[in-house]
Amino acid sequence: MATEAAPPRIAVRLPSTSVRDAGANYRIARYVAVVAGLLGAVLAIATPLLPVNQTTAQLNWPQNGTFASVEAPLIGYVATDLNITVPCQAAAGLAGSQNTGKTVLLSTVPKQAPKAVDRGLLLQRANDDLVLVVRNVPLVTAPLSQVLGPTCQRLTFTAHADRVAAEFVGLVQGPNAEHPGAPLRGERSGYDFRPQIVGVFTDLAGPAPPGLSFSASVDTRYSSSPTPLKMAAMILGVALTGAALVALHILDTADGMRHRRFLPARWWSTGGLDTLVIAVLVWWHFVGANTSDDGYILTMARVSEHAGYMANYYRWFGTPEAPFGWYYDLLALWAHVSTASIWMRLPTLAMALTCWWVISREVIPRLGHAVKTSRAAAWTAAGMFLAVWLPLDNGLRPEPIIALGILLTWCSVERAVATSRLLPVAIACIIGALTLFSGPTGIASIGALLVAIGPLRTILHRRSRRFGVLPLVAPILAAATVTAIPIFRDQTFAGEIQANLLKRAVGPSLKWFDEHIRYERLFMASPDGSIARRFAVLALVLALAVSVAMSLRKGRIPGTAAGPSRRIIGITIISFLAMMFTPTKWTHHFGVFAGLAGSLGALAAVAVTGAAMRSRRNRTVFAAVVVFVLALSFASVNGWWYVSNFGVPWSNSFPKWRWSLTTALLELTVLVLLLAAWFHFVANGDGRRTARPTRFRARLAGIVQSPLAIATWLLVLFEVVSLTQAMISQYPAWSVGRSNLQALAGKTCGLAEDVLVELDPNAGMLAPVTAPLADALGAGLSEAFTPNGIPADVTADPVMERPGDRSFLNDDGLITGSEPGTEGGTTAAPGINGSRARLPYNLDPARTPVLGSWRAGVQVPAMLRSGWYRLPTNEQRDRAPLLVVTAAGRFDSREVRLQWATDEQAAAGHHGGSMEFADVGAAPAWRNLRAPLSAIPSTATQVRLVADDQDLAPQHWIALTPPRIPRVRTLQNVVGAADPVFLDWLVGLAFPCQRPFGHQYGVDETPKWRILPDRFGAEANSPVMDHNGGGPLGITELLMRATTVASYLKDDWFRDWGALQRLTPYYPDAQPADLNLGTVTRSGLWSPAPLRRG
């Protein structure tokens, strides 16, 4: 190796060649780079394999030596091992006439649960036999008389992933059995028959007999922490990687080049465009729509601290989010301050501002002089960036950090190419790896590294002549692998592999060739394919297409830097291809392109300027394509997810203002194409002028030549105005914008302060004026309305059924998400007017008459006119502004009316006016019809119901209960912040003050309430959380009975905001089980048993 300085002319011609002594001065740096880099990489790679301290948990029963039921819902559904021993004499409590109601000696699920036999273990009396049933399989059966006989010693049961076995020790098979005289035992294998455990339940009471034992090893493989060895290795790995990067930097300085400043000049200054972008982002932070998964992620983050790891709370049996959980861990730390939406999304706002700063300060200057000096390019970049960011990245999902990570990775690579140094490459590897493991869509970040392989290989080749390959590659290898340390800091390699195999097996896990599903959703009239989302993607594709076309035609876009421009285009293409390999296909994944969209927008703006695209015809055709993209985008709804949709104009219809916007835009497209044809056939010059244009003409030309900038900013304006208008039109009712602005004043509980709950609907019943309570409902006229004129099953019709829903069916093949307690049924005892209909919302049949028009067989016309009911005074009406009637059936709103009258009018048999009810619920289930008391004149003192059912179709019928004025309290006051709550994943961000039920050591906390979104959202998200997917619904439906509580949204009475359910345990006296905890060291390859998959 040369020891003398290279000639100055060589330094000027080839800056990456040596200009300094590379011998003694850099020998230490070379050794450090090799040793520290290789050791750092080895330690990082070894991190997943190093041992951890696992907290073990054992569920033992009986507890306190008595027959007492305990709750222990396992988040993984099953124990790794289960051993049960039951003395035969313990079954004596099930025998005899005095124990007729006692049937279960021991079970892992409450016997009352609908799927108890299918999923759990029950040792129960069936007729005169004692039967052990495991997942709907009678494993072993013995006559109760033999069990209580002298020869029977005990029943033993063991369950492992590969087999389950049970035996009545002391008893033998009868003469008619397959093996007469053999021990009475049963066994099943070939399938995972381990029963689901939500506790240990029994119908017996009193002291437990000696020898009774239930021992379950809870699956706590993810409740682990690093051992001192692993902690030391991680610290050393990070330190060695840092040392290797320092050594690489020293080797980089051997080129003798002056250090370039890290930040561009005047990076801190702001212009008018910067101010506008900042203003839009900040305002959108308050009024803008959020993403559908914000509640999902927020709940995971909130629960993780107590749980000890970042579990996928809503699916996949509580397995961890790793390797994609590090970003969520940061959100968990952030949530320590507040869980309010404006606070939790503050990092997202910071990422948005950083993205724009990088685009405007780093990306645009690197793309060439034409891009740097073009105002059209800057405005198009800003418009494209906002058009993608606003609808796709204003939440807690990882797309914002991935979008930023892609930009920063590209900037690091470009710095490496520009300076011929390798430290920026190592930094790019770290940023790229962190971006990759921010979420599944982080796979898009690999493009930033792949597109620069050519120039980076050249740099490496030049420098390897002086330092060798290993001193240069080892630090980069350490940088590329160091992210394994935070990802596997407290988890093992085997555990993560099993978790990811489970997720793939349970699904959803779509293949690369299913990518068309993402685009099908993009073109559906739903929030997934809304105007904003559709335009964002189509505009990005258009910008990519024109940039590629111009680059292919002319080698590069005139006036741009060829290398950076090609790499930006390459990154985008590779990102689209990489997205094919994500396991789910949702349109919110396009949020990762926000930064690239701004960069491509700048390129596309220059590509269609007069200097680059001289043909007026071609520029006009491009403008026509932009208008067509607008037309195609407006052929959808202006829809947003859940509460973000409240009050938004055209949220359920195509935008229309006197005429259809999509049709008008399509007609405009045709006109612009005709103009292009005119340029082609008539005025086919290149459009160049020799005269100096006026200032007005120059500005007009700039606008005309920037159709993409105009379109993007029009869409940004449309989105901002839509959500601002929603907040204004909703006021004083709840909206996202109002809630976020109120949070600045300390009101941070969101929707919980505006949802009004009616705990006791019986208290608000209006009193009949003359007729007895039992007869008042039909006192005026009752033709074919009878107390039992209601079908036994009034389950609500599904509101949605989309392609792919079959992946999320419950065991009955039905889409879950209905409101329990509203599906009807019958009762054993008749109500006050002889009806046996089961009433919803805790209505008392002893005080609530009901009449319906349905009958078995041929239907007949039916009419109902109730007696008069007394209205409260005007002062009382002001405190309770709503009148409600609980109804069921399928009918039009005009068929059920409320009439009012004064005392004099009522006495004369006349009414003073009438109105229709607002029907918010889902037919034909029970729901609350609503009427605002403000619509009733203050002089009215009485009301009555009038119903007319002239439709003879069997599915068309009406059932009514008496009117009432609800006595309500806020959900925040009823549920509070202390009770454990099952927050559906769509509602988590809207209810930040409610405490989601936790889990620790593999056992879930038992929730007392469940909060659901609107019915559309409930049907969409409930299947994700069900038993098939390993979610909490598979636990709560076995442990508790859900009952819907009547609720209303303040000042927005006719809104389906969602539902509140009270969860009542099947065994109210059951207490949380005490677990026996321990600690054991496990290697990174240890596995206790396969994870349950169904």
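Every residue gets a Cβ built from N, Cα and C, even glycine.
Beyond its flanks by at least six residues, the compositional bias 'Low complexity' (817-831) meets 787, 790-796, 837-841, 845-846, 848-850, 888, 921-922, 925-927, 1012, 1015, 1018-1023, 1041-1044, 1059, 1061 of its own chain at Cβ-Cβ distances under 8 Å. If you look up Swiss-Prot, you'll see 817-831 marked as compositional bias 'Low complexity'.
If you look up Swiss-Prot, you'll see 817-836 marked as region 'Disordered'.
Here Swiss-Prot flags 28-50 (among others) as transmembrane segment, drawing on sequence analysis.
Positions annotated as transmembrane segment by Swiss-Prot: 232-251 (among others).
Sequence annotations record features per position, and here Swiss-Prot assigns transmembrane segment to 264-286 (among others) based on sequence analysis. Note on the transmembrane segment (264-286): residues 342, 345-346, 348-349, 352-353, 356-357, 360-362, 365, 378-379, 382, 385-386, 389-390, 394, 716, 720, 723-724, 737, 740-741 of its chain, located 6 or more positions outside it, place their CB under 8 angstroms from a CB of the stretch.
Positions annotated as transmembrane segment by Swiss-Prot, on the basis of sequence analysis: 341-360 (among others).
What Swiss-Prot records for 373-392 (among others) is transmembrane segment, and it gives sequence analysis as the kind of evidence.
Beyond the ends of the transmembrane segment (466-488), by six or more residues, the same chain brings 1-2, 18, 22, 26, 29-30, 33-34, 36-38, 40-41, 43-45, 47-48, 234, 237-238, 240-241, 244-245, 247-248, 251, 254, 322-323, 325-326, 422, 425-427, 429-430, 433-434, 437, 460, 496 to within a C-beta distance below 8 angstroms of the stretch. What Swiss-Prot lists as transmembrane segment is 466-488 (among others).
Among the features that Swiss-Prot reports, transmembrane segment is placed at 530-552 (among others).
Annotated transmembrane segment per Swiss-Prot: 565-582 (among others), in sequence order, evidence recorded as sequence analysis.
The transmembrane segment annotation in Swiss-Prot covers 586-608 (among others) and rests on sequence analysis.
Taken from Swiss-Prot, the feature transmembrane segment covers 620-642 (among others), and the record attributes it to sequence analysis.
As annotated by Swiss-Prot, transmembrane segment applies to 657-679 (among others). Through the fold, the transmembrane segment (657-679) approaches residues 615-617, 620-621, 623-624, 627-628, 630-632, 634-635 of its own chain, all at least 6 residues removed from its boundaries and within a Cβ separation under 8 Å.
Positions annotated as transmembrane segment by Swiss-Prot: 700-722 (among others).
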Selection from 28-50, 232-251, 373-392, 530-552, 620-642, the stretch that has most Cβ pairs under 8 A to the transmembrane segment (586-608): 373-392
Long-range neighbours of the transmembrane segment (373-392), counting only residues six or more past its ends (CB under 8 A): 273, 276-277, 280-281, 284, 288-289, 291, 352, 355-356, 359-360, 363-364, 399-400, 403, 530, 532-533, 535-536, 539-540, 543, 587-588, 590-591, 593-595, 597-606, 609, 640, 702, 705-706, 708-709, 711-713, 715-716, 719-720
